[in-house]
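Read through the structure below, which is laid out as structure tokens, and then see the notes.
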Amino acid sequence: MSLQKKGRGLLAGIGAAATAVLLALGGGAAAQAAPIIPPSFEHGNLHIHKFEQPAAPGQPADGLPRDTAGLTPIGEVTFTVQRIKHVDLSTNAGWVAAAGISYDAATGTISGEGSDGQPAVIGDVDPANGTQTTDAAGDATFSGLPIGLYLVTETAAPAGVTPSAPFLVTVPLTNPETRTDWMQDVHVYPKNSTSTATKTVDDAAAVKVGDDIAWTIRGDIPKTADPAYDSAAPIGAGNQPFLAPSGYRVSDTLDQRLAYVSAEVTLTEGGGALVPADYTVVVPSAENGNTFSVTFTAAGLAKLGAAAGVAGSQVQVVLTTTVTSLGDGTVGDGVITNRAVVFPNRPSIEGDPGNPPTETPEVESRWGDILIHKVDARNRTVALPGAEFQVFASKEDADRLANPISVNGTTTFTTGDDGTVRISGLRYSDFVDGAQLADDQDPKWRYYWVVETRAPEVDGQRYELLAEPVRVTVDAAQQVISGDVENPAAGETVIENVPHNAGFELPLTGAAGTWMFTIGGLLVLGGGLALALRRRKTGA
């Protein structure tokens, strides 16, 4: 049996469900002393069963096997056991000494005296049997442990798993059902809180570089059971089912094509509204590698602890950015990827390799160009420089020449000597909010509309304006221009211009034409006069 008293052995702030093993075995256990430990009990076995923390704290454990139906096991969690020196549990003095020993998780130190009057000391990890890792069923067994008081520490866990607090346990324990014999096999059920994290992007309203994009990061709040929680009492400031996390941080390193605008930090459910004093924000800069982070203060962590018991509650950070052009005025390959990292506890913040943070899945926002190749309709090998275009986000705007898209301060784009112009920094037509669209029947699909606002003139040959807007899709294919007008690249927009008046000659309006009309008119008049004179003679 364990004589560790409630309130001792683990300091405030250590509240994993595993500590209930000690709490349930404290206090009056000494008054129910079992028969002496048999001489054959030189060794015992510690069975660790690792599960996710359920929504509500479970009942205290007592060393016996428990029904774990409905619980989710956690594998790949590593534990170490270390025997506390100078505590001889084969003697009554040893049990009395064990009751006076406490462990400070913050400093990793133990206090109290052993049964021999010497200070209690944490022993070394037995290289042969001092470390075990849970299997897929969440089980790990330390076999053949000498009788004694042990410190059990979780030293490594998968990403997103908040470690349970260290705890002290005795091997053996008095059988709590019979209270007349000893148990060589001790079962403990430390619960771990698992933390997942997600990230989404909202860029549906964004059209061009400079428009806002919202990235939403959501992270679970660790659920570490508070051993002092009284389920029969009202939940309040002094009575919460879960402890505040030991730390919490959300970090996001932005792509160099993203510029920070603002951040909003909230709880999705419960815990109360967050205020600026609940967290500190580090904005992206060149000095910190363009990394944004929000770290919760003690006040904020307390609110997270209160929210942990509310179903569906998560930390939410909405990060608003804009897309910016690179030095060459383009958006490079146009694929802007982003992921965030959630640190759900202090060990992960401090870089403990055994407690890695949780990374969100990667999300993308895709941006590209419209590539226009302007040629003569009669001879497509003739490039037409000097044609001017504007781009619109809707057919309605294009028809009215209203709200032309401005890219890097420019709304008019002119073809160069080779007849081409690249309009950079437009969001893909077929990729929105981080997902590929099946076809243009999706209401989120965005076409762009190109309007020719000034027709070219090449070597004295004038050309007609386009009679209507040209519909263009911005996608991955638009990023390569072939230069071959007979076999253009899949996404290259070849726009033909016909010569002025469709190539037909208009009547001349110069001097030569005037004399021709004059001579023709005189001939007509002369003919009419001759006919009149002839009729007069006939009548006479």
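Just so it is clear, glycine is given a Cβ too, placed from its N, Cα and C backbone atoms.
For the ranges 114-134, 345-365, 408-428, the feature annotated in TrEMBL as region 'Disordered' maps to 114-134. Sequence-distant contacts of the region 'Disordered' (114-134) (same chain, at least 6 residues past either end, Cβ-Cβ under 8 Å): 48, 50, 73-88, 91, 93-94, 96-97, 101, 140-145, 151, 155-156. Across the residues of the domain 'Gram-positive cocci surface proteins LPxTG' (506-540), the predicted structure has a mean pLDDT of 54.
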